[in-house]
Each structure stands twice: as structure tokens, then as C-alpha cells.
């Protein structure tokens, strides 16, 4: 086993002891989706927006969970200890990303399954909805990891969510179609990863297939890599 | 161990933190195969010095050599074990899960890791607690898990920051016996403490005060030169003998060399 997978399995072992967190990660997005389905019962809203929410809720949940991760390690002193071992900074961040990606896969299967059960119809291929939902959740993890490397206190960590996710939510095309936005905001939306997550899901909801979402999926993948690199770059072996 | 001479050597070592000088131009050596006690009142720079040795302290200047290489060199991370002052292990994992993780980080393969974990559990006398989650252990037990996590990698140099705080006398005695045994096997131990009774069990003593090395001596010498009856009084005598406001003489004005950052 490499140090990355060793670290990933350690994080998974920790999660397995924390059943309540895992339950929240799996159930919370379903609960929110259930509320939407109930509210708009008998309208096409769920078919239209359901896939986007299937991508969005896991992303936010995973961002919140992982943004606390590095901070926890820092405050328990284990990060300082890890930095004196052969563990690389990349191993640390990638280990976390891998562990949470496994959880994200489980989460996206559960959430998509639940959405179908409450009546969401997707015109595009279902497996792609699961893949994009999982990538969105992984993106959430990695953005959370990058953010948590920047946070020095709990107060800062919890505010990373509104600071990093909310601007993306506003401009991603969910509130207003992006081509109707002021030009500057439309440009801004193009540099935010959430835009591509929502765009891919919109395509799938409207019956698009792989060729329609390949571009957006590629951009999401690049952002995942970028967030991991940022997380590694902001981690310091030597601290004051 | 092939590496004779000094396990740690510092020359004109200087550490700054938050605009303050924590360690001010220290020259010191820790001989290989000995238990060296680092003593001093709280705030004297003990932890900062230890952090510099293990390569996680920022803003270190001067010369600091550990096992023949500059402190913070990546290859040293396999050869040096560090135990922080507060128990730094995962409280939501069991004792064995913690130790297994640190054993694998130290590069031990599956079977070797299991054997190392068993040895480390025995060394800190935690037999019977293997499957217990660290969160459910007592404070003393937790710090022993933390110590065991450094022992699993079988390091040549062990850097221990107050490893016996909160432990009962029996356990303290046993741990010191283990430190002596490890040193007997050729390993080097740099142990900080402010329990002066423990000082007599060290081969050498480094006395630190306000980032300055007040004495580099042996327990016998310390008692002899101060004329004190025990280590505690000897320490007080030494600390108080030094006048507080020393004329700030800085004879060497050579440019300090930056230790290489060991980041990956």
C-alpha cells in the first residue's frame, strides 16, 4: 500500500466509527430532495431541476464535511506529527480526497436512487447522472480540502462555505439562465466549477448524452485536480 | 548504529516566532546513544528546539545537523521519531489502528507492521487495550499511545516532548527504564521535561532559559558545581545565578545560513 491509500483507509476507518456523520451525508441530500419533490408535486419542476439538485446537494454537504478535516488534524496535533513522518503533503490531501470520493460514490448512488423513487424522470442516461453527481461530490470534497488548508480556526472554516460556494450558486445558472445575466457575471460564471456541474446536469435532464456533457465533465475533473494541487500547496510542513 | 559522534548538532541556531527570538544563537550537541534531558522552565524554548530538530519549525536559521544531515531533510523522517507534548493520535480510532497507521507511514510492510505494533504496545504496557478506542482511554494511556506511535517506526533518534507528564510514578520509572534500554541499543533520545527528579536518569542535561543554553552538563557535574542536594535545587541555583539583564554581546556577525526547507 502506498502512503496515499494507507491514509485513505485510515480516514475511512475513522468515518466507520462516526456512523452519524455517514448517515447525515447519505440522508441529508435525500431529505432536501424529498422536500422539493413534495413541494412541487404534480409539476415538471423535479424533472427539470432534480438532476441539478442531485449534483448540488452532495457537493455542498461534502464541502462542509471536508472543510473541517484538515483543521481537525491541525488542532489535534496529528498534522504536526504526520509532517515529521515520510508522509508527503500530496499523500495527505490525496488520501483524504480518495476516502471521501468513495463516500461520494455511495452518496450519489443513494441520492440518485432516491430521486428516481420520488418521481424524477431523466431523459439522458442514468449512469451519467450518477457519474456527474459523484464528480460533483468529489469536487465538493476537494474544494473543501483546499479551503480547510486556508482556515486557521473553526470560525474561519465554517465561513468558507458561504465564501466559496454561495457566489457560485448565485451565478451557476440555477437562479437565472446564464445568457440573461449581466455580461460580467456571465464571464464570472465561466470560471466557477459549479457552473459546469449544473450545465452537465441540465444537459442530461434535457436528454443529452456523453458527447453533450464531455466538455463540462472535463472541466469539473480539471477543477478537482486544481483543488487538490491548491490543497497541497497551502499545506505547510514547517509552521511558526 | 554506524553514526558515531553527535546525533544532533546546532551552531548559532536561532528561531524566531511572531517577531520574538525564541532561541538565540545556540551552540549545542547531543551525543549519539545517550539519553539527553532538555530542561527548563515553561517558555524557555524547549518545544521550539525540538520542533526545529524534527524539521517542522519555521524561521530556523543557523546550522542544525540531525544524524549527519540538515534538519528537515526528507530522508530523516524515517530515522527520527517525534512525540508532541499533547497526545497526538486519532482518538476515534483504536490503539492498534493508530499504531498500524504510523507503522505503515514509517515504511513497514504488512507483517513487519503487525510485529512492530505488538512490540510498541508491550513497550508502553498497553496490553489488553489494543482494540480500545483512544477516546475511551485515560489521559496517561493516551500519552502512552502517542509514545508508542513514535516507537513503531524504530527510529534512531527519538525526540520526546514531556513524555511523562500525567503519568504515575510506576509508569514513569518503567518508561525511563525503557529510554535507558533504547539508548543501550545505540539509539539517541532527546527528552524534554520539567520534572527535575527525572534529570538524574539522563546521561547529559541541557538547561535552557529564555532561549539560551544555561548549562550543558551531566547530572553528577550539575550537583557538584552548584553544591545543591538535588536536581531541582541545582536547577534553581543555575537559573538564578545567571543575571537577567546580560549585556547583549554578539561577537559573531557572520551571515546566518538558512537550513534547507524539507518540504515536498
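Placed from the backbone N, Cα and C atoms, the Cβ positions cover glycine too.
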A:92-120, A:179-207 - the one TrEMBL records as transmembrane segment: A:92-120
Among ranges A:52-71, A:72-91, whichever one TrEMBL labels transmembrane segment: A:52-71
The annotated transmembrane segment range in TrEMBL, which must be one of A:1-20, A:21-40: A:21-40
Closest-packing stretch to the transmembrane segment (A:126-150), where packing means Cβ pairs under 8 Å, from A:21-40, A:92-120, A:213-235: A:213-235
Top partner of the transmembrane segment (A:52-71) among A:21-40, A:92-120, A:157-176, A:213-235 - counted as Cβ pairs under 8 Å: A:92-120
Leading stretch by Cβ pairs under 8 Å, where the reference is the transmembrane segment (A:213-235) and the options are A:21-40, A:92-120, A:157-176: A:92-120
Cβ-Cβ under 8 Å with the transmembrane segment (A:21-40): same-chain residues at least 6 beyond its ends: 15, 46, 49-50, 53-54, 57-58, 61-62, 65, 103, 106-107, 110-111, 114-115, 118-120
